[in-house]
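Engineer: Pasting a structure below so you can have a look.
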Amino acid sequence: MTAAAIEPSRGEAARDDRVAHRPLAARLLSRPEVGSLIGAIVIFALFMAVAPPFRNVANVGTILYGASTIGIMAVPVALLMIGGEFDLSAGVAVTTSGLSASLLAWNFGLNVWVGILLALVVSVAVGAFNGWLLFKTGLPSFLVTLATFFILQGVNLGVTRLLTGNVATADITDMDGFHSAHTMFGSEVTVGPVTLKITVLYWVVLTLVAAYVLLRTRVGNWIFAVGGDAAAARAVGVPVKATKIGLFMAVGFCAWLSGMHLLFQFNTVQSGEGVGKEFIFIIAAVIGGCLLTGGYGSVVGASIGALIFGMTQLGINYAGWNPDWFKTFLGVMLLLATIVNVYVKKKADLR
Amino acid sequence: MSAVTTDRSAAPVLQLDNVGFSYGNVHALRDVSINVRQGEVTCVLGDNGAGKSTLIKIIAGLHDYTDGAMKLDGVECRFASPRAAQAGGIATVYQDLALAPLMSVWRNFFLGNELRKGPLRTLDIARMKRICDEELTKMGVVIPDLDRPVGGLSGGQRQCIAIARAIYFGARVIILDEPTAALGVKQSSVVLRYIVKARDAGLGVIFITHNPHHAYLVGNHFVILKLGRVVLDAHRDALTLEQLTREMAGGQELEELSHELSGVDPGRVAAPAEVAPGHVESPVLNPDELAAIEREEEEEQTA
């Protein structure tokens, strides 16, 4: 073996030569976001063609708002899926968060901000509980969080009815701290012809931060590893439990952010809300290139998946189609995006 | 032959005193005593189910032992996790390699030991790729694109990544579990040379194998495990390759086997025939043999 004697400079030169063997296009095409990006462009072109109001710049704000409410949750759900786990309780956890803030503040006559902080504790604790239960029972997260989903759904209805005698919380508009909290979670900014909800800002910031964490930090490396092969990750010293529980807590944090928007947008929260949303988050992540088996995926892709949702939801309306077909349309989208993901990835990896 | 003379009076860095591992009523390891010295290659040989994997899992911090004592630098210790073993300077190359298949080469190489820079503790990707490339080039492994997922590489390439990683990070003791089992002749030779290099650098190498020829090429010290016990513990001076091979093959058992198979007439060619389902006669096994096979299987399940 002469290779051992090779000086580093030659190794460096050899590397540069070899990198050139794989064309840039192939490397770009093997990115996990590719399927969702193609999907988003197709959907955009489709509605630009068939729905005149879609071309109106003023509607950009409405479309982005729809996308942001899904995106804020799709981002942490995507991280969790890359880490190899599911959270089926993510949809109702949003409602739990909104209810906690509202009920706690109203019933104890607290400043709204105290309710908001208590809701944060509740939300992150629900995430931590999911993670803890996962390791305590050794069951798949699909089952553990399915249980949490039903538990929270019942608690949401039960506690709300117990405290208010109603299925929704009381209006908190006249309470201390409402206005500053409303500015924080429910305000909007007008930029030229476009009116942007603050959730769009949160969504973009979350996407950037999460993409940075995933691709450029040690924790991101650990997330890929615990989802790809948890045993291998543990064997080389990655703290598997802490990483996964942390991911569940991140979902909890975003559920809180989402729940606060829900509360301050409508000033009251319906206790039965949120059921079925968990699948929308998961679908956005899958369209964005996340593998159901973990260890692979993209945060940016999940956000593009959310954008596809936002465009479709309003595009169908704008085109004057019957909105009954929205779900069917989504199902087809999911199928197509996933097929494109698999196909493109295979093609790119062969090159 | 090695020019390095072993100082046998040097204190072992890692010492196992009558270590045992049991779960339920299965004793996977019993009374195993091994001394690992730095600058030496300690070969652990044994057939399938001899307890080799259990032994390295104990040293690597994946299992806790149930009897005896393990001492690092003379101090009794129990590793709570692989991270604790690594902190003690013990790096392991597992037989299943412990690589995440969908992650890129350089991310796998630095998994658990990521290099970071700047106030934001960002991954130092350029430096990690450079080091990874240098280390692999040294092993004669050419991987065109370090961003490729390791799942698409050949078994030999993956083996080399795992070994290069352990040698790069292994501070004092490196454990190699069957590193040559899946490799061709050329790649095995590279791995064996690496074992020698690691020894020369002053690492204590624990080389697990079932190939006595590979072991004898590089080993200073040989331990043979059988059914969870140490049946031979000898220094190179006290052993020839023939003895090692014979011991490894089971020594006396091999003689018994040749006796048992004496009636098979190995040169015979039978008349071609179409065999109806269930019409191949099974060999007659005595109860001792059946018990031994059962044990081997139990062992493999623990491993």
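Along the chain as shown, residues are numbered 1 onward.
The backbone N, Cα and C atoms fix where each Cβ goes, glycine too.
Nobody curates TrEMBL annotations by hand; they come from automatic prediction.
Straight from TrEMBL, here's the annotation block:
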- A:34-51: transmembrane segment (TRANSMEM)
- A:63-81: transmembrane segment (TRANSMEM)
- A:88-106: transmembrane segment (TRANSMEM)
- A:112-135: transmembrane segment (TRANSMEM)
- A:142-159: transmembrane segment (TRANSMEM)
- A:194-215: transmembrane segment (TRANSMEM)
- A:246-267: transmembrane segment (TRANSMEM)
- A:279-305: transmembrane segment (TRANSMEM)
- A:325-344: transmembrane segment (TRANSMEM)
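Context for these features, please: burial, neighbours, distances.
Structural biologist: Tertiary proximity for the transmembrane segment (A:34-51) is limited to same-chain residues at least six positions away from its ends with a CB under 8 Å from its CB atoms, namely 28, 287-289, 301, 304-305, 307-308, 311-312, 315, 318-320, 333, 336-338, 340-341, 344-345.
Tertiary neighbourhood of the transmembrane segment (A:88-106): same-chain residues 73, 76-77, 112, 114-116, 118-120, 122-123, 126-127, 130, 142, 145-146, 148-149, 152-153, 155-156, 159-160, 163-164, 169-170, 172, 175, 251-252, 255-256, 258-260, 262-263, 268-281, selected by CB-CB distance under 8 Å and a gap of 6+ residues from either end.
For the transmembrane segment (A:142-159), the residues of the chain that approach it from at least six positions outside its boundaries are 86-93, 95-96, 99, 103, 126, 129-130, 133-134, 167, 271-272, 274-275, 278, judged by C-beta separation under 8 angstroms.
A Cβ distance under 8 Å defines the sequence-distant neighbours of the transmembrane segment (A:194-215), meaning residues of its chain 6+ beyond its ends; these are 57-58, 60-61, 64-65, 67-69, 71-72, 75-76, 78-79, 82, 184-188, 223-224, 254, 257, 261, 298-300, 303, 306.
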Engineer: Please determine whether the transmembrane segment (A:246-267) and the transmembrane segment (A:63-81) are in contact (criterion: at least three Cβ-Cβ distances under 8 Å, sequence separation 6 or more).
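Structural biologist: The answer is yes, given that the two segments have at least 3 Cβ pairs within the 8 Å cut-off.
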Engineer: Any residues 6+ beyond the ends of the transmembrane segment (A:112-135) with a Cβ under 8 Å from its own?
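Structural biologist: Counting only partners 6 or more residues beyond its ends, the transmembrane segment (A:112-135) has Cβ contacts under 8 Å with 85, 87, 89, 93, 96-98, 100-106, 141, 144-145, 147-148, 152, 172, 175-178, 180-181, 241, 244-253, 255-256, 259-260.
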